[in-house]
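To keep things clear, I will list the structure first and then write my remarks on it.
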Amino acid sequence: MVQIKTPEQIAKMREAGLVVAAIHAATREAAVPGATTRDLDQVARKVLAEHDAKPNFLGYGGFPATICTSVNEVVVHGIPSDEVVLKDGDIISIDCGAIIDGWHGDAAFTAFVGSGHAPELLELSRVTEESMWAGIAAMKQGNRLVDVSRAIETYIRRQPKPGGGRYGIIEDYGGHGIGTEMHMDPHLLNYVDRRRGKGPKLVTGFCLAIEPMVSLGTPGTEVLSDDWTVITTDGTWSSHWEHSVALTDEGPLVLTAPDGGRAKLAEHGVTAAPDPLA
Ligand code: MG
Ligand code: MG
């Protein structure tokens, strides 16, 4: 069952989404050489408190922190730690969430620590982010869930990889419905699996967290002995981008983007829905 939201509920989710955007801004600034991933967690905690928002990751299935900090070959679910000190040249994916009045927001981005990153790393993050936007642009009336998966996969497959070879589209994790819980039906693959059918129709009130994860090598992952940290099986570095999106009568609204997705969706010829809080 897909939870369909009213405009009032979408406005609440927009509130939560803007808190997530504020955590992104603060943690992006704090992700510098010498900082620990625990420092970033504390930054996120402070922003949540300032907005009277609750964390949704803390305690989720026993997760011990407020955000996920996934460095280099870590794909997702890295646990913030005093032991992980960011170095010049690292890449880090920071995944953040917030709850306002019971409504959830969830979004992630990849940041470059310091400077001088190889072009293939810059391109990895760009391709991952742009595939997310291609997926968001496919969130329109009349489409089905598989159209979002297809848009993400098609975008990635059309990008030449510097140095040759193929990008790995991570298969073990994907996007999800979101609303009164962080993870709800349906599960959203980042590629098309014909055995799964086309999925539900995208209608007004449908909300999805769209989150491609891409590696420089394998699509395969394994979980470390801490039961959380997900790494690529071949050790290649990976990128993760995510936004929470609502479909409205007036098009998609990117709940976790400060501008509601207006600028990036325009590049796809899509008009973002007006901000219900503006
Ligand atoms: Mg997330
Ligand atoms: Mg998510």
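Cβ atoms here come from the backbone N, Cα and C positions, even for glycine.
Predicted automatically and left uncurated, TrEMBL annotations should be read as such.
Residues or ranges marked as domain 'Peptidase M24' in TrEMBL: 12-248. If you look up TrEMBL, you'll see His77, His183 marked as substrate binding site. The divalent metal cation 1 binding site annotation in TrEMBL covers Asp95, Asp106, Glu242. The annotation divalent metal cation 2 binding site is assigned in TrEMBL to Asp106, His176, Glu211, Glu242.
Features as recorded by TrEMBL, highlighted on the structure.
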| residue | record | contacts (Cβ under 8 Å, 6+ apart) |
| --- | --- | --- |
| His77 | substrate binding site | Phe63, Cys68, Ser70, Asp95, Trp228, Thr229, Val230 |
| Asp106 | divalent metal cation 1 binding site | Val20, Asn56, Asp95, Cys96, Gly97, Ile178, Met182, Ala209, Glu242, Ser244, Thr256 |
| His176 | divalent metal cation 2 binding site | Met182, His183, Met184, Asp185, Pro186, His187, Leu188, Leu208, Ala209 |
| Glu211 | divalent metal cation 2 binding site | Ala108, Met132, Tyr173, Gly174, Gly175, Leu188, Asn190, His240, Trp241, Glu242, His243 |
Which one, from the binding-site residues Asp95, Glu242, has the smallest tally of other C-beta atoms lying within 10 Å of its C-beta? Asp95
Hits among His77, His176, His183, i.e. binding-site residues with CB under 6 Å from ligand 1, come out as none
Counting every protein chain present, what is the number of Cβ atoms, excluding its own, within 10 Å of the Cβ of His183 (substrate binding site)? 15
Which binding-site residues among His77, His183, Glu211 have CB under 6 Å of ligand 2? Glu211
Taking the centroid of the Cβ atoms of Asp95, Asp106, Glu242 (divalent metal cation 1 site), which other same-chain residues have Cβ within 8 Å of it? Val20, Cys68, Cys96, Gly97, Ala107, Ala108, Ala209, Glu211, His240, His243, Ser244, Thr256
